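Chemist: Swiss-Prot lists these features:
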DOMAIN    30-280  domain 'Protein kinase'
BINDING   LEU36, GLY37, LYS38, GLY39, LYS40, PHE41, GLY42, SER43, VAL44, LYS59  ATP binding site
ACT_SITE  ASP153  active site, proton acceptor
Amino acid sequence: MENKPPVINLPEKETVNTPQKGGKFTINDFEIGRPLGKGKFGSVYLARTKTGHFHVAIKVLFKSQLISGGVEHQLEREIEIQSHLNHPNIIKLYTYFWDAKKIYLVLEYAPGGEMYKQLTVSKRFSEPTAAKYMYEIADALSYCHRKNVIHRDIKPENLLIGSQGELKIGDFGWSVHAPSNKRQTMCGTMDYLPPEMVNGADHSDAVDLWAIGVLCYEFLVGKPPFEHEDQSKTYAAIKAARFTYPDSVKKGARDLIGRLLVVDPKARCTLEQVKEHYWIQGMMEAKIRAEKQQKIEKEASLRNH
């Protein structure tokens, strides 16, 4: 982002850097609606611009909490990365601004809400739904990796659902620009950590491949594959890629998950191979056929009335 302001020691005056439009905003330019979510450092609200009535989500973060939590540089990195990403399966960061006490991120609004809430209600997703989401997240991460961005914290809590039912990656707090492609920082969520992170070894963009393998399992089963009450048992299972499938997980899905949850990062299948996998392609074709049939039946029903 050009002319990117520092996150700390921001001026008292309300101002904004809007590379997309070059305009200036303050919180007074928005009508604030219902809360969409709450985090450790602030909350997210549905809002709309007073001019044009354009719906957005505004993440309101308290500077004092960011500083005391030592995450101001993480936020700066999140803004830098997300402002440069433009993909249908990634939440857009439109702009940001601040006042004396708060920082405001103006984000794309995802009316379908949070993925983990849908998963909690559904218990688990159908194969066609899980396959569709897997295709979308693989496409989004492929785009990120081409830009040397590693997400490092893929999990249902960081995913949202758009107006057409599409998956959207919504949180880039742990992501990094990694042109060198080697990192050693421990980050992310325990159940989704790959063996190389648990072992404290160098890691690359292959961490995201492991994470979507865990995600696919959780989509289909309702819980992650390495979940144990004892943290040491979770880590041991991750290091050995040791897990079992319930009978409900079919052969095709097992094949894909097994190609992603591989201890050796170099041996994991690529994101393009995920998109082209026979289980994903077959499930998506079946979903399209079912939707077409529903449309035909609905039109026939309307004609008969």
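Even glycines carry a Cβ here, placed using N, Cα and C.
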Chemist: Which state, by DSSP, holds LYS38 (ATP binding site): helix, strand or coil?
Modeler: strand
Chemist: Around the ATP site recorded as LEU36, GLY37, LYS38, GLY39, LYS40, PHE41, GLY42, SER43, VAL44, LYS59, what other same-chain residues have a C-beta within 8 angstroms of the site's C-beta center?
Modeler: VAL60, LEU61
Chemist: Just to confirm: which same-chain residues, 6+ apart in sequence, have a Cβ under 8 Å from the Cβ of VAL44 (ATP binding site)?
Modeler: PRO35, LEU36, GLY37, LYS38, ALA57, ILE58, LYS59, VAL60, LEU107
Chemist: Could you tell me which three-state DSSP class the residue listed as 'active site, proton acceptor' falls into?
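Modeler: DSSP assigns the residue listed as 'active site, proton acceptor' to coil.
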Chemist: Let me know how many other Cβ atoms fall within 10 Å of the Cβ of LYS38 (ATP binding site).
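Modeler: Counting Cβ neighbours of LYS38 (ATP binding site) within 10 Å gives 9.
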Chemist: What residues, ordered by sequence, lie under 8 A Cβ-to-Cβ from LYS40 (ATP binding site) and sit at least six positions away in the same chain?
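Modeler: Non-local contacts for LYS40 (ATP binding site): GLN65, GLY69.
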